[in-house]
């Protein structure tokens, strides 16, 4: 029962216990993580090709991901708008010129291309490709170890997290409203509650959530989680500039775990420098919770 939990948490914790001071080593780890994400998504695509009843399973993936992201985002937006009304976050910043949102979206969609390539190769049916699942398990353990090191050495201290009240509050609201959305999805999609809650715990970190859920629930749920969280990032990129004028909390919350990296430039240019600390704290908390919550619900 707890083997899946241990596979996720042990390498993550061991990595988190390792302090690194050399920036060169951290750059190497970041590059390795990028390559390993592509590798595991490639394995995910191969695993999809070996599914029985392939056509019906692909329709199930599309159905699960479309319903899931719609319900979760609606729950997030409702809760974050309520937060903004009760605890306003004033915006006095004049928006700067934004980075190309099309270029950012294409960068995200490259990961979809890796899954598609793996799927196409898997359709060849070569016998050795059936070991893709085992290969992804070993790669996942190393990836989680490196993620632990990355989280430990990203410059955030406990004091900084505690002091940034807005980032913490928005993160809590996102977690609670996402899990409520997960419960609703369990009812709508007729999924086990723990499966739906695990799918709701990706918070936009599609490269990790898809991998972890494939390991725990199989390639159908894992792929649905991947597209669910990828859609969250793409939607956030498109909505932030217009939304941030009305509700800064909602704009930040929609970014999920990506607010500390991928969507941070958009948040900074549209919301100002005072939004950066909250965005980093918010993204850090959610990034830390993704593997923990998924491991918990998977067990």
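Heads up, the Cβ atoms here are built off N, Cα and C, so glycines get one too.
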Which listed span Swiss-Prot calls transmembrane segment, if the choices are 109-129, 235-255: 109-129
Surrounding residues of the transmembrane segment (58-78) on its own chain - C-beta under 8 Å, 6+ positions past either end: 48, 173-174, 177-178, 180-182, 184-185, 188-189, 191, 196, 199-200, 220-221, 223-228, 231-232, 235, 250, 253-254
Intrachain residues whose Cβ lies under 8 Å of the transmembrane segment (109-129), provided they are six or more past its termini: 37-38, 41-50, 206-207, 223, 226-227, 230, 234
Beyond the flanks of the transmembrane segment (169-189) by at least 6 residues, Cβ under 8 Å: 63-64, 67-68, 71-76, 78-80, 83, 87, 195-201, 203, 249, 252-253, 256, 278, 281-282, 285-286, 289, 293
Beyond the flanks of the transmembrane segment (277-297) by at least 6 residues, Cβ under 8 Å: 4-5, 8-9, 12, 144, 147, 151, 154, 156, 160-161, 164, 166-168, 170-171, 174-175, 194-195, 197-198, 201-205, 208-209, 212-213, 216, 252-253, 255-261, 263-264, 267-268
